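Contents: one structure, followed by commentary.
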Amino acid sequence: MRWSTFLTYGLAFVASASELAPPDKIVRRELDTRSLASTIWNDIENAATCDACEAVLLLLKGVAELGDSSFVSVLTEICDLSGAEDSDVCSGAIALEGPIIAHDLRSFSIGSHTSKLFCVTFMGLCAYPDVTPYTVSFPSAKPSTSRPSPSGQTPIQIVQYSDVHVDPFYVTGSNTNCSKPICCRDYSTADSPGNNNYPAGAYGDHNCDTPTSLEESMYAAIASIAPNAKFALFTGDIVDHAVWNTTQAQNTIDINAAYGHMSGLPIVYGTVGNHEANPTNAFQPTAVGTNSQWVYNLLSSIWTKWIGVTAATAEESFGAYSVKYGSSNLRIISINTNMYYIQNYWLYESDMETDPSGQLAWLVTELQAAETAGERVYIIGHTPMGSSDAFHDASNYFDQIVNRYSNTIAAMFFGHTHDDEFEISYSDYSNRAFNTASAISYIMPSLTPTSGHPTFRVYTVDPVSFAVLDSVTYFADMTNPAYQTTGPVWTKYYSAKETYGALLSPAVSADDNTVELSPAFWHNVTTVFESSASAFAGYISRKSRGWNVASCTGSCQTEEICKVRAGRAEDNCVTPSFGVSFKKRWEANAVATGHRDECGISVSREVLAKMVTRRDMLETLARRMDEEVEVRKRTASERV
Ligand SMILES: *[C@@H]1O[C@H](CO)[C@@H](O)[C@H](O)[C@H]1NC(C)=O
Ligand SMILES: *[C@@H]1O[C@H](CO)[C@@H](O)[C@H](O)[C@H]1NC(C)=O
Ligand SMILES: *[C@@H]1O[C@H](CO)[C@@H](O)[C@H](O)[C@H]1NC(C)=O
């Protein structure tokens, strides 16, 4: 069958499913769902294409048109069939995420920009659509100034930590080898302390989120290692990964508790992570609704003591704020990156907004005022804006802003990936070189041990230009025999300036306080990654702090360096891959050997990605859609 004919049939089919009364319309369905599933399957087998994804969308849209409860029950059944997760995880997660996805499917049309993005995110079956061109407007042209040089005055220290993911239900002695996305909970009798062969230690495990003991240990280590740190940047994600069972009440308890544990720090500049929401990742932009207002209000009330009433009140608009650090020349701008996050399913509207919640326009206003006042700026956020977790469109628009104000932005700080990484922005992505490198994003590895050993970081910073002079990462090596007995031993893992400065030519001396880790410095580091296999292997190892290091050579190396050289997501070389959306080979391999996908666990996404690799799941989708239509038909005719 030609696809155009098929789509015509399919659309007639969806239309008939959605117009349930009068019931005779349903009878006019011209294609039976089973053959539809077979046709899709054959197409996927021959060539996994965007057409096939759009045909799957027809079925999904058909179910969504029947209502949220039909959609949730059908997707839950398919999740169970997939064996991807335990049944309570399937039902819990899909009950939370399903209605938002059903809303998306009802609102966008198949073949649109949004539907292609949906296919990329959920199934990896379409190529990433081109960015919709949009030129951000600026109040003034970029002045011909350049980055100020460091003053050379005695540096100050600041701290960053991220992705704490504290699990209040962590139970020492419970099973670390459980069947759920995270372990170390008393899920069942078999998982209980004393009844399992893999008892959790008192201070955490790579299959589990952070126990309170580990969280407290990190703040104690920060206090002893960096007692004079002026402030801390906390780049978000507090709530654990039990995403199938989140509630606003429990998230509120977790958020209050986590910030309570930070109270020994002089100032904490926080930002809103994707796990702070309920359901996880689900932040409505202001044009859609107010379901995240409670998060913004809660954070505002907690942050007031650090950022003051004015900034905290402004934060309540959409989760972002801008504030001066004390009487210094530094401004901290905290943005809500959930407005650009591909797993925030509220963003898949029929016409996607160019500037959700107006945050980009607000950012321009703040940066313009900072530039005019001669201030230095740190931008902090949760999800790095060049990563494959950021929409290409939003990332492009954000990158225009970064490049316009690159001489005012001293550095940017993110988290989310759980890995130790960095991203370079360029004024010209077709010529990524040291002299076009325009901004640097530090991506902070996590406290939660799911992707490596627990970490925090201390930056040495110029007190006038606020340039980052060094970035020193501390970790608690979980293989240390003392770790689970007397507790985590926090030691220096590496200094970026020592480790990378020595590799450059001319070499950058670790104790030269007149040299910053500039965007050009970091670009030159990536040049060394290209020419030195051992320097690059060192970077790969540091990503997970030496834990479960996968080999990355050849095209993996090329792609990884490309990813580092991309403050703009469209340039990060990450291509959607069929069935394993967004995982590169070595990452997919890492998943096979036990690595969990970084920050985002969306069960629905996992299920849909699996569905396009399994004929039985597709057929079940088709059959269940039929059954749901039949139920509706019967109900409708009973009503007549
Ligand atoms: C974890 O448990 C499963 C079955 O429950 C078993 O097949 C697997 O080998 C265990 N993992 C390890 C690392 O022993
Ligand atoms: C869900 O979480 C609550 C705490 O918020 C807990 O009491 C309950 O047992 C959990 N339910 C499941 C099915 O995990
Ligand atoms: C980067 O490398 C170039 C040579 O390729 C050199 O001219 C420049 O000084 C280096 N910049 C830094 C900050 O290391």
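Each residue's number is its place along the chain shown, starting with 1.
Every residue, even glycine, has its Cβ placed from backbone N, Cα and C.
Predicted, not measured: the structure shown is a model, and the values here were computed from it.
Some features that TrEMBL has for this protein:
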| type | residues | note |
| --- | --- | --- |
| BINDING | Asp163, His165, Asp237, His418 | Zn(2+) 1 binding site |
| BINDING | Asp237, Asn274, His382, His416 | Zn(2+) 2 binding site |
| DISULFID | Cys50-Cys126 | disulfide bond |
| DISULFID | Cys79-Cys90 | disulfide bond |
| DISULFID | Cys178-Cys183 | disulfide bond |
| DISULFID | Cys184-Cys208 | disulfide bond |
| DISULFID | Cys552-Cys556 | disulfide bond |
| DOMAIN | 158-419 | domain 'Calcineurin-like phosphoesterase' |
| SIGNAL | 1-16 | signal peptide |
What is the nearest of the disulfide-bonded residues Cys183, Cys184, Cys208 to His416 (Zn(2+) 2 binding site), using the Cα of each?
Cys208
Least crowded of the disulfide-bonded residues Cys208, Cys556, counting other Cβ atoms within 10 Å of each Cβ, is Cys556
Take the C-alpha atoms of Cys126 (disulfide bond) and Cys556 (disulfide bond) and report the distance between them in angstrom, rounded.
22
For Cys183 (disulfide bond), nearby residues of its own chain (Cβ under 8 Å, 6 or more apart in sequence)
Ser174, Asn175, Thr176, Asn177, Asp191, Ala200, Asp205, Asn207, Cys208
Listed in sequence order, the binding-site residues within 10 angstroms (C-alpha to C-alpha) of His382 (Zn(2+) 2 binding site) out of Asp163, His165, Asp237 are Asp163, Asp237
Sequence-ordered recorded positions within 10 Å (Cα) of Cys50 (disulfide bond), taken from Cys79, Cys90, Asp163, Cys178, Asn274, are none
For Cys79 (disulfide bond), which of the recorded positions Asp163, His165, Asn274, His418, Cys556 has the nearest Cα in space?
Asn274
Consider the disulfide-bonded residues Cys90, Cys178, Cys184, Cys556 and say which one has the Cα lying nearest the Cα of His165 (Zn(2+) 1 binding site).
Cys184
Taking all protein chains shown into account, the Cβ-based neighbour count within 10 Å for Cys184 (disulfide bond) is 28
Might you list, by sequence position, any residue in that chain lying six or more from Cys178 (disulfide bond) with a Cβ less than 8 Å away from its Cβ?
Cys184, Arg185, Tyr187, Asp191, Asn207
Quick check: in three-state DSSP terms, what is Asp237 (Zn(2+) 1 binding site)?
coil
Top of the disulfide-bonded residues Cys90, Cys126 by count of other CB atoms within 10 A is Cys90
Average model confidence [pLDDT] within the domain 'Calcineurin-like phosphoesterase' (158-419):
97
Quick one: Cα separation, Cys556 (disulfide bond) versus Asp237 (Zn(2+) 1 binding site), in Å?
29
When the Cα of Cys90 (disulfide bond) is compared with the Cα of each of the recorded positions Asp163, Asp237, Asn274, His418, Cys552, which one is closest?
Asn274
Do you know offhand how many angstrom separate Asp237 (Zn(2+) 1 binding site) and Asn274 (Zn(2+) 2 binding site) by C-alpha?
6
Measuring Cα to Cα, tell me the gap between Cys552 (disulfide bond) and His418 (Zn(2+) 1 binding site) in whole angstrom.
18
